[in-house]
Amino acid sequence: MASSHTPRRTGFAGVAETVITLWALFGGVVLIALVVVNIYAVLSGFAGRRFSGDFELTEMFAAVAAFCFLPYTQLSDANVTADIFTSRASPRWVALFKLVAALVALLFALLLLWRMYYGLNDQRDYRYTTTILQVPIWWAFVPILVSLALLALAAAINFVEYGRSMMRGGQA
Amino acid sequence: MTDPTTLGFLGLLVLLILIALRMPIGYAMILVGGVGITLLNGPALMLNQLKTLAYGQFSVYDLSVIPMFVLMGALATKAGFSQQLFRFTNAWLGWMRGGTAMAGIAACAGFGAVSGSSLATASTMGKVALPELRRYRYSGALATGSLAAGGVLGILIPPSVVLIIYAIIVEANIVTMFMAAFIPGILAVIFFLLTIAIYVLIVPEAGPAGGSKDRAEFLSATLGVIPVLVIFGLVLGGIYGGLYNPTPAAAVGVFLVWLFGTAQRRLSFGAIRESLMETASTTGMIFLILLGAELMKIYMSRIGLPQAAASWIGTSGLEPMTVLILLLLALILLGCLMDSLSMILLVIPFFWPVLVELNGGLYQGAEGSGFGMSTNELKIWFGILALIVVELGLITPPVGMNVFVISALSKDTPMMETFKGVMPFFAAEIIRVVLILVFPAIVLWLPRYLAG
Amino acid sequence: AGLAAAQEYTFKLHQPLSAQAPAQTQMLEPWARQVEENSGGRVKIEIFPAMTLGGRPPELINQVRDGVVDLIWTVNGYTPGLFPRSEVFELPNVFEGDLSAANLAMHDMLDDLREDYRGTEVMFLHVHAGNGIQIAGREIRSPADLSGVSLRTPSRTGAWVIEALGATPVAMPVPELPQALQRGTVAGALIPWEIIPALQIQEQTDYQIEGENNYRFGTTVFQVSMNQARWDGLPEDIQQAFRDASGPEWWAQVGEIWRGTDDFGIGVATGAGNQHIVLSAEETQAFRDALEPVVERWVAEVSGQGIDAAGLVEKARTLIAEHSAGN
Ligand code: NA
Ligand code: NA
């Protein structure tokens, strides 16, 4: 798990990095909301009048938080890779491998953004809701689509960076 | 149409090649699964499934504990839990020959009780214990080897991300799985401590005795660990004692660690922010693997590999026990290449139905079953065995994540030394697996007892 | 062409439960084999249990609509509010306890319910034997006994039933239930007896409670349906093979199958020493009265979507009564 420390980027990439980091922090806030909902449910249970909606809110919040984290995971290069087989490869080759991986991430993010946009429409048109609080599920899809757009942005930044690095023969 | 076995192995081969070429495992599985399904059944099907697949995978109630336990572990590190634990274990054990390494193991076990991840445990305790081990001139092999192995306790001692995922796949109860992991986890700690004791008997200069602590330090180290133990007790005790299920327990844990860290003035706004960012990258990594594994599963189901494998094994005439041992060996081998989470996600959906079949069906009781236990108990027993063997992958070459983590922290020890240092612990783990295979009660006793 | 003929039409049937669940062994497999036989071996239906084709149970309906799979068996309640018209059959005092009658009434009303299933061709619909109260520690004889008690709800109409009885509904995935009962996260659950063996509910509860003459507190609707485009593309004789296997006799027989699994379930509970309480006529009436507002609530809610909800209630009640009398 190479959670390598990325130097702070400048220019457009710098702005994008800030936005992606703030978006991950927003995911952190959703996670804290998840903590609060669950503690409230426990306390309400002890008080004898149990809060009913904790299960469905937990599912929804956890999913939203996880999506918010994806762009940051991409940009901070935190996805698990097995580096041992290529540890003797030249930096140029390593940069090429990373370039290909970033391209896969970019294409997948765009594909998922496109498909989940239709997913959102389905959820809204067919009125999917949670069981008890009847919260429309498409609401959760809105921050998710933002997350996927940012994931594409993060992968694009990586792609450009590894591309440049490859041109320079693998130097960062 | 090509037969399922060929297509299945082709998919697996491409996957392993992509992983070897540094493609992140999550994306490699997404690519192979997605392209495979598209080639089999056309793009329309894949495109339609993607409308909801990711949301469906991420919005699973039991998964919500993962980001919360990750956050709890990150906050606990910032709040100084790892130092408190090590100071405490070192005060009690450090005076012995090999004692500082033993203290590292014991502190890993303690930290494992709040952390769901083995890497987090290895890196946290590595940072704390390595300087101390170096101070007492421990050999590089024993110092780094014991900590790389100790990190595995992060996942062998509940809570454990891998165990949660296993429970979701086979529809086992998470709390039952946590209970089942408890005694084997304690056994692992004891075995690791014994391994160090034997190691320093054979190679005395590898682990010199540390200085004994004066009375004041002894008392202060012991008192300092009390809040840490109280928090563990409230979280895990609450789960085992039936106060709440793991999701609220994790929430309570996050809250208590935050409260303690804030009271100690260790959790500044910046520290909380850093903990959240760590949680973000780890959670994102885990959930991406979940999504990739689901696509691989769909590909494998569509080519009919699990069905073919189950019927092949069903008609092969092999003894159930032989099949189980073969499956465990396959996991150990795969562990040389893949991380534990990906392995569990990739192979359990195929292995489990085979075992169910061999045992006599999903509702099979102990009477007349293939493994001499009900399928419900088989689920628990196999889960713990699988958990142990996939975690062995963290300390075996060539890809041993824990070894990498500890090597990164200890620049002066060559990685080969660490792999050598880990071998005695690997042997201890193999003994433990054999014991659990022979005496399933090690796993099953506590869940049975607590269920009444 | 005889049975040996190559299978020209293969269908993937996706369902959420394990291959050993009675829903697969007693219902889906016999139905699939019947269709195959009717087609003279030209049809093959492969059943994929336990979500092996990917996704989570609530996604089944999307999967069949979008053609990701050809056929599904699913619980309408996985996606609350998506099948508003069919929900009439889940209501207490509309469904009382005769599941074959309810299935046949749904068959008769298929045209009224059709809009719920746009994008799919319904093969058959059915209900289970009805929700009973399964609870630990306290004997329930009247709605007042449930005041403030938390119960796991099977669906959104189930949640309304629980609220109407003065209790608190808690939604959770079914596999969570045994532990939730053990640690008192919920005191009990509103579910049929059929589920008892799979989850060993008898170990965590003391009482199984239902009204007289099998009176239950609402039920759940299930569907087996096919992707619309797939259906429309089938030749007449293949469609006929499916229709012949899914006629009214089959809908009634599915009622018998689920009655059987429910009876088996309560046998497991009483065999383990649990008390099976059948309320007296008066006690049952008290529940009936307490639950009538659920029907009104449902009518108000669903009328808001431009559906003649009151008309559906009326028609469903009439048809269920007719079919019950016919038995
Ligand atoms: Na742990
Ligand atoms: Na390894």
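Every residue number used here counts from 1 along the chain in the order it is shown.
Using N, Cα and C of the backbone, Cβ positions are placed for all residues, glycine too.
Please treat TrEMBL annotations as automatic predictions, because they have not gone through curation.
Look at TrEMBL and you will find B:12-442 tagged as domain 'TRAP C4-dicarboxylate transport system permease DctM subunit'. For the domain 'TRAP C4-dicarboxylate transport system permease DctM subunit' (B:12-442), the model's average pLDDT works out to 92.
For B:12-40 (among others), the entry in TrEMBL reads transmembrane segment.
The transmembrane segment feature in TrEMBL is assigned to B:60-81 (among others).
When Cβ-Cβ distances below 8 Å are used as the criterion, the transmembrane segment (B:101-120) is approached by residues 65-66, 69-70, 72-74, 76-77, 81-82, 85-86, 88-90, 92-94, 128-129, 133, 138, 142-143, 146-147, 149-161, 164, 185, 189, 192-193, 196-197, 207, 228, 231-232, 235-236, 253, 257, 282, 340, 391, 394, 401-402, 405 of the same chain, each at least six residues removed from its ends. Positions annotated as transmembrane segment by TrEMBL: B:101-120 (among others).
According to TrEMBL, the transmembrane segment annotation covers B:141-169 (among others).
Sequence annotations record features per position, and here TrEMBL assigns transmembrane segment to B:175-202 (among others).
Taken from TrEMBL, the feature transmembrane segment applies to B:223-243 (among others).
Marked as transmembrane segment by TrEMBL: B:249-267 (among others). With a cut-off of 8 Å between Cβ atoms, the residues of this chain six or more beyond the transmembrane segment (B:249-267) that come close are 65, 68-69, 71-72, 75-76, 78-81, 114, 159, 227, 231, 234-236, 238-239, 243.
Annotation source TrEMBL lists transmembrane segment at B:279-300 (among others).
The annotation transmembrane segment is assigned in TrEMBL to B:312-334 (among others).
Annotated transmembrane segment per TrEMBL: B:341-360 (among others), in sequence order.
According to TrEMBL, the transmembrane segment annotation covers B:380-409 (among others).
Residues annotated as transmembrane segment in TrEMBL: B:421-446 (among others).
Residues 139-146, 148-149, 152, 179-180, 182-184, 187-188, 191-192, 194-195, 198-199, 324-325, 328, 373, 377, 380-381, 384-385, 388-389, 392, 395-396, 400, 403 of the same chain lie 6 or more positions beyond the ends of the transmembrane segment (B:421-446) yet place their CB under 8 Å from a CB of it. Among B:141-169, B:312-334, B:341-360, B:380-409, B:341-360 has the largest number of CB pairs under 8 A with the transmembrane segment (B:279-300). Residues 72, 81, 84-85, 87-88, 110, 113-114, 158-159, 175, 178-179, 182, 249-250, 252-253, 256-257, 260, 450 of the same chain lie 6 or more positions beyond the ends of the transmembrane segment (B:223-243) yet place their CB under 8 Å from a CB of it. Within the chain carrying the transmembrane segment (B:141-169), a Cβ under 8 angstroms from the stretch's Cβ atoms is held by residues 60, 62-63, 65-66, 69-70, 98, 101, 104-105, 107-109, 111-123, 125-126, 129-130, 133-134, 177-178, 181-182, 184-185, 188-189, 192, 196, 199-200, 203, 206-207, 236, 246, 250, 286, 290, 340-341, 344-345, 348-349, 352, 383, 386-388, 390-392, 394-395, 400, 402-403, 405-407, 410, 413, 417-426, 429, all 6 or more beyond its ends. Of the candidate ranges B:12-40, B:60-81, B:175-202, B:380-409, B:380-409 has the most C-beta pairs within less than 8 angstroms of the transmembrane segment (B:341-360).
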